[in-house]
Each structure stands twice: as structure tokens, then as C-alpha cells.
């Protein structure tokens, strides 16, 4: 494993859904929820 260098949309979306939000943007290693 290690630091993510590219965002995985499916992983980002799942993480956002866990906190009751949806994926806003997914760039580089940053997942933004909204």
C-alpha cells in the first residue's frame, strides 16, 4: 500500500457515503465529499 497517488472514484464515493455525503471531486490523491 502506501500513499494514494491517483484517486479511485469508487473508493472515494464509498467513503463519502459512509458519512452521508456524495463525491464532489476526485483529483490526484484528494477525495472531496459534498
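Keep in mind that glycine also has a Cβ here, set from the backbone N, Cα and C atoms.
Features reported for this protein in Swiss-Prot:
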{"type": "DISULFID", "residues": "7-26", "note": "disulfide bond"}
{"type": "DISULFID", "residues": "12-31", "note": "disulfide bond"}
{"type": "DISULFID", "residues": "16-33", "note": "disulfide bond"}
Original post:
Are any of 16, 31, 33 (the disulfide-bonded residues) within 10 Å of residue 7 (disulfide bond) when you go C-alpha to C-alpha, and if so which?
Top reply: 31
Original post:
At the Cα level, what's the spacing in Å between residue 31 (disulfide bond) and residue 16 (disulfide bond), rounded?
Top reply: 9
Subject >> 10 Å Cα neighbourhood of residue 26 (disulfide bond): matching disulfide-bonded residues from 12, 16, 33 >> reply: 12, 33
Original post:
Does DSSP put residue 12 (disulfide bond) in a helix, in a strand, or in coil?
Top reply: helix
Original post:
Cβ distance under 8 Å to residue 33 (disulfide bond), same chain, sequence separation 6 or more: which residues?
Top reply: 12, 15, 16, 19, 21, 22, 23, 24
Original post:
Helix, strand or coil: which one is residue 31 (disulfide bond) in, per DSSP?
Top reply: strand
